[in-house]
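Note sheet for the following structure.
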Amino acid sequence: MNLLIMGLPGAGKGTQAAKIVEEFGVAHISTGDMFRAAIANQTEMGRLAKSFIDKGELVPDEVTNGIVKERLAESDIAEKGFLLDGYPRTIEQAHALDETLKALDIKLDGVINIEVNPESLVERLSGRFICRSCGSTYHKVFNPTKVEGTCDVCGGHEFFQREDDKPETVKRRLDVNIAQGEPIIAHYRELGLVSDIQGNQDIDDVFADVKKAIAAIK
């Protein structure tokens, strides 16, 4: 079984990916892990990627696509199948993946799309705040301080938000992800591969829906 999992930042994609891998025994292929392994093993594409990273430059698509192809050609993929996580990020990468799968004679069985309302994601992702004195991290909805305005750990009263966690920054980041992701989802929807999963539920309820979708694919 060969799957792709998609979802906006904060949608719980990573949590569901881990559960899928544990339940079904497929190889978890995440972009970060692929890059680290290719560089550590000094593959042709790994050496190329490292040359860009060492210069502080973005790794070009053709190198990223090459690293994905190297990984998908490994023997465990034929034995176990895979869950691809974090790739493709652009429609160009999606088309490159189509070509890679065709070249390797691999069939993509389905795309799990974790859907969460963007406004809910802004709340999830922008609610984090940090104690200035001891660095303890809280969330205004999911993990507030026991006493409002007082750190549970050190009793401090000064808190701050990282720039990345501010609502306007989070919204900008989500807008970019939505703009990049919509054409990819549309592409796979045309191929009849997409299963939409409602992510605004308890983690176990989301996974129950994921399992139903996978059962329908199988």
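Glycine too: its Cβ is placed from the backbone N, Cα and C atoms.
The ATP binding site annotation in Swiss-Prot covers Gly10, Ala11, Gly12, Lys13, Gly14, Thr15, Arg128, Thr137, Tyr138, Gln201. The region 'NMP' annotation in Swiss-Prot covers 30-59 and rests on sequence analysis. Feature annotation from Swiss-Prot assigns AMP binding site to Thr31, Arg36, Glu57, Leu58, Val59, Gly86, Tyr87, Pro88, Arg89, Gln93, Arg162, Arg173. For 127-165, the entry in Swiss-Prot reads region 'LID'. The Zn(2+) binding site annotation in Swiss-Prot covers Cys131, Cys134, Cys151, Cys154.
Structure with Swiss-Prot features highlighted.
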residue : record              : contacts (Cβ under 8 Å, 6+ apart)
Gly14   : ATP binding site    : Asp85
Val59   : AMP binding site    : Phe35, Ala49, Phe52, Ile53
Tyr87   : AMP binding site    : Ile29, Thr31, Met34, Thr64, Val68, Gln93, Leu97
Arg89   : AMP binding site    : Thr31, Gln180
Arg128  : ATP binding site    : Thr137, Tyr138, His139, Gln161, Arg162, Asp165
Cys131  : Zn(2+) binding site : Thr137, Tyr138, Cys151, Val153, Cys154, Gly156, Glu158, Phe159
Cys134  : Zn(2+) binding site : Cys151, Val153, Cys154, Gly156
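DSSP classifies Gly14 (ATP binding site) as helix under the three-state reduction.
Under DSSP, Thr31 (AMP binding site) is assigned to a helix (H, G or I) in the three-state scheme. The CA atom of Glu57 (AMP binding site) is located 26 Å away from the CA atom of Gly10 (ATP binding site).
The candidate set comprises the binding-site residues Cys151, Cys154. Of these, Cys151 has the most other Cβ atoms within 10 Å. Taken together, the residues of the region 'LID' (127-165) have an average pLDDT of 94. In the three-state DSSP scheme, Arg128 (ATP binding site) falls into the strand class. Apart from Cys131, Cys134, Cys151, Cys154, the Zn(2+) site neighbourhood in this chain, defined by C-beta within 8 angstroms of the site C-beta centre, holds Arg132, Ser133, Gly135, Ser136, Asp152, Val153, Gly155, Gly156.
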